[in-house]
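A.B. asks: Structure in structure tokens, see below.
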Amino acid sequence: MVKICCIGAGYVGGPTMAVIALKCPAIEVYVVDISVARIAAWNSEQLPIYEPGLDDVVKQCRGRNLFFSTDVEKHVSEADIIFVSVNTPTKTRGLGAGKAADLTYWESAARMIADVSKSDKIVVEKSTVPVKTAEAIEKILMHNSKGINYQILSNPEFLAEGTAIEDLFKPDRVLIGGRETPDGQKAVKALKDVYAHWVPEDRIITTNLWSAELSKLAANAFLAQRISSVNAISALCEATGADVTEVAYSVGRDSRIGPKFLNASVGFGGSCFQKDILNLVYICECNGLPEVAHYWKQVIKINDYQKSRFVNRVVSSMFNTVSGKKIAVLGFAFKKDTGDTRETPAIDVCKGLLGDKATVSIYDPQVTEDQIQRDLAMNKFDWDHPIHLQPMSPTAVKQVRVTWDAYEATKGAHGVCILTEWDEFKTLDYQRIYDNMQKPAFVFDGRNIVDGDKLREIGFIVYSIGKPLDAWLKDMPAVA
């Protein structure tokens, strides 16, 4: 009987372990976390994360061969395979601040494994970690080994939030990196056998440790780069009267390029893209490759530019001031079908509007008021630490109201900013919204999901990213 234990019950650990339990009924799977509240939520009817299909999977397995527990040491000592999916935030101070990954949580997990283990273990890196982390973890385990053998594997996750369960059921690939020694290869095979319960053999890729670690950072950098590429073109489209949707469609029809990840928007968010690129930049700098570091840094620069360009467009359209004006923000999550707000562009857009003294009214179908207030008051990178280590609940931002209804959010507003592509925003009654707004009424579509022409017929002044500008917008001061 193989026993698996996963340290960290977050966005990666929870869904991944639930699917392994579902697909491998003969394996006992324990998900452990020091957060009592988080484990209680995993054991309740209201899971701590929203992910389509996750509820069903958890309910089928929980109590059968899937268990959530705060007794970390007991389950770690009994497990054969230990997945580590703890937070790896960006450092905010000290060496590499603002770029390097903070491996504090990782290291304490490794030391705890060394303390409690009484039998040989396979330790699997599941969180996104910088290249060569495995080496550091190996050293900690080896120097504290007490005669126990540890094999370190890298098994990065490639989940997309909103489709995580589907991605786990039918992955493009499962990547397992291990040492090229007999024991290392044996460990790789043991993990491969777990995935082979439901993943076709040709989709399980085995590499050396460093390739696996770097593949994850590289994949995210390539994806983010596509978004920044199309966003850079969107600025040029607005300047020239081209339509970015038409341009992206034409470009995406080239089979070498393909159509995915070519939607212009207010910017990318999520817990990985920025963090992983910063990490890549830092690794390049540390290895004496400043040109490569500079190249990847531009992907983030364009993303930041796109967010500030959006805010500038909002302010300049409204006679160059939003002071005291109510602006409605529809959508706060970084993309649809998830409640995740980590690094969401909405944070920077709202902060930009608040900085110009606007009153902001926010509606998102999956994000709580508490989360929104926390995000707007938090310092950069604080979000990536476990909740009990985040700064105590900061004072609420006074000019922010959170509503549970789009019509309430937009009532009496001067402008509406659409920042998440939730399907329900496509079918709102915009005539009703227009009738209840101040005039002139503006819609700033940060996701290109509404029909601009229909909205113009109603009477709105519409700004869509990368689309030809309304006459009104052309007459306003140029965007800085």
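Even glycines carry a Cβ here, placed using N, Cα and C.
Given the structure is predicted, the values throughout are model-derived calculations rather than measurements.
Features from TrEMBL:
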ACT_SITE  C272  active site, nucleophile
BINDING   8-13, D33, R38, 86-90, 127-128, E161, 272-275, R342  NAD(+) binding site
DOMAIN    328-452  domain 'UDP-glucose/GDP-mannose dehydrogenase C-terminal'
A.B. asks: What is the average pLDDT across the domain 'UDP-glucose/GDP-mannose dehydrogenase C-terminal' (328-452)?
C.D. replies: 91
A.B. asks: Between the Cα atoms of C272 (active site, nucleophile) and T90 (NAD(+) binding site), what distance do you get, rounded to the nearest Å?
C.D. replies: 11
A.B. asks: When a 10 Å sphere is centred on the Cβ of C272 (active site, nucleophile), how many other Cβ atoms does it contain?
C.D. replies: 24
A.B. asks: Report the same-chain neighbours of Y11 (NAD(+) binding site): residues 6+ apart in sequence with Cβ closer than 8 Å to its Cβ, ordered by sequence.
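C.D. replies: Residues satisfying the criterion: I49, E51, L159, E161, A164, S271, D340.
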